[in-house]
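The following features are taken from Swiss-Prot:
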- 11-31: transmembrane segment (TRANSMEM)
- 46-66: transmembrane segment (TRANSMEM)
- 81-101: transmembrane segment (TRANSMEM)
- 120-140: transmembrane segment (TRANSMEM)
- 157-177: transmembrane segment (TRANSMEM)
- 198-218: transmembrane segment (TRANSMEM)
- 237-257: transmembrane segment (TRANSMEM)
- 283-303: transmembrane segment (TRANSMEM)
- 323-343: transmembrane segment (TRANSMEM)
- 350-370: transmembrane segment (TRANSMEM)
- 375-395: transmembrane segment (TRANSMEM)
- 419-439: transmembrane segment (TRANSMEM)
Amino acid sequence: MKEKLAGKDYLFIGSMLFGLFFGAGNLIFPIHMGQEAGDAISQANFGFLVTAVGFPFLGIIALGISQSNGVFELATRVNRIYAYIFTILLYLVIGPFFALPRLATTSFEIGISPFLSNKLQTPLLALFSILFFGTAWFLSRKPTKLLDYIGKFLNPLFLVLLGLILIIAFSHPLGSVHQAEVGKLYQSSAFMNGFTQGYNTLDALAALAFGIIIITTIRQRGVKNSKIIAKETIKAGLISVGLMAIIYTCLSYLGAMSVGKFAISENGGIALAQISNYYLGTFGMIILALIVIIACLKTAVGLMSAFSETFVELFPKREYRFYLMIVSILPCIFANIGLTKIIELSVPVLMFLYPLAITLILLALLGPVFQHSKLVYQITTAFTLLAAIADGLNALPNPLKSLKPIAAILNFSKDSLPFFSLGMGWILLAVLGFIIGCLVHFLKRITNK
């Protein structure tokens, strides 16, 4: 039994974890945010890094110090039924319903679509989806090979290709960040808007989901002691989030500079294609196609493996390959509704789920303060759940928001919760729930004595 990982293992596992995290949204959202934030990009980028880098790292630390095998075990500290519901919902969101279809559509719209005529778009998206998820299924059949597939091969290739475009773009900028117009949403609350934009990467959710893969990989390298696994998980995570922070910052500033040459695009995928074509023409588009397909494929492999391993844990009557087949077929179908529509549909669900995930992560980190009392977990989560429902409803399309029951909830929330209009209404209730939970916990201890 090994006492710790070798130096090269940290590098490979950190590379694998980065590769698992860095997929579709990680490329397109910071660029689009940069275009809209303009000269306010420094504040917006800082907010983005908090949710897109800070919370995923806290999620890795939470899994490490709690010595949990994954999100289900962590969520049982609230309640076992809640753990089932939360885990299933989380994996459906980052699996077949939103994240996985988004990976295929992003790959297609950035890497393939620019080379096709309009009439070929729909049939070839269907064909591409089959090929994409067929390849991801093939690579996911043996979870023990993930370190080789992603950490040693796909991710280094991705970094080299992306680095090439970033070096060219920053050495010959499209425009000045300081001359870029600040969008309406970013004029008064750039940090907060950047913060909620970071939700779209799904990485705080993914940190909880990928925990099972990281821990399994470290065990495969010969480390068996739970406390040592916890430390090694955090060390490997530090390499991953460091890389993410650097690349996010480069992409967001690239987006802000690009408005010196291009109009703000419908989504970051279009902007990235325009930038690559401007600098390198057809060759640039080919490189970009490779970057995006590799980025999305490696994340798809990780998500499909994590989904299948977790569902075996939740429902052990079926084997790994059964769940792998399900998580290959469903997103292949959903991918055909298009990237912009997938993003639009996912926002209300993310606004509901993210506060619950962040709260769970923070409770796991603060657990020693209140002796990991179930009562504190339950009261804090209950308070957060109320606000998370309102945040999710607030992100619905306007026709649904105008329905009387929903409108009544939203009007009450706007009047009662600070930062609600910015998608942050859950913070006050989460803090209040935590304080009440701790008071009840410590009063019970004193009474019992």
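Backbone N, Cα and C atoms are what each Cβ position is placed from, and that goes for glycine too.
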Check the transmembrane segment (419-439) against each of 81-101, 120-140, 375-395 and return whichever range has the most CB pairs under 8 Å.
375-395
Pairs of Cβ atoms less than 8 Å apart decide it: which stretch in 81-101, 120-140, 237-257 has the most with the transmembrane segment (323-343)?
120-140
Which sequence-distant residues neighbour the transmembrane segment (81-101)? Criterion: at least 6 residues beyond either end, Cβ under 8 Å.
23-25, 71-73, 75, 133, 202, 205-206, 208-209, 299-300, 303-304, 306-307, 310-311, 314, 326-327, 330-331, 334-335, 337, 342, 345-346, 349-350, 353, 356-357, 360, 381
Does the transmembrane segment (11-31) come close to the transmembrane segment (46-66), meaning at least 3 CB pairs under 8 Å for residues 6 or more apart?
yes
Under 8 Å for C-beta pairs, could you tell me which stretch among 11-31, 120-140, 157-177 has the largest tally with the transmembrane segment (237-257)?
11-31
Within-chain partners of the transmembrane segment (120-140) [C-beta distance under 8 Å, separation at least 6 from its ends]
100, 103-105, 107-108, 112-113, 149, 293, 296-297, 300-301, 304-305, 308, 324-325, 328-329, 331-332, 335-336, 338
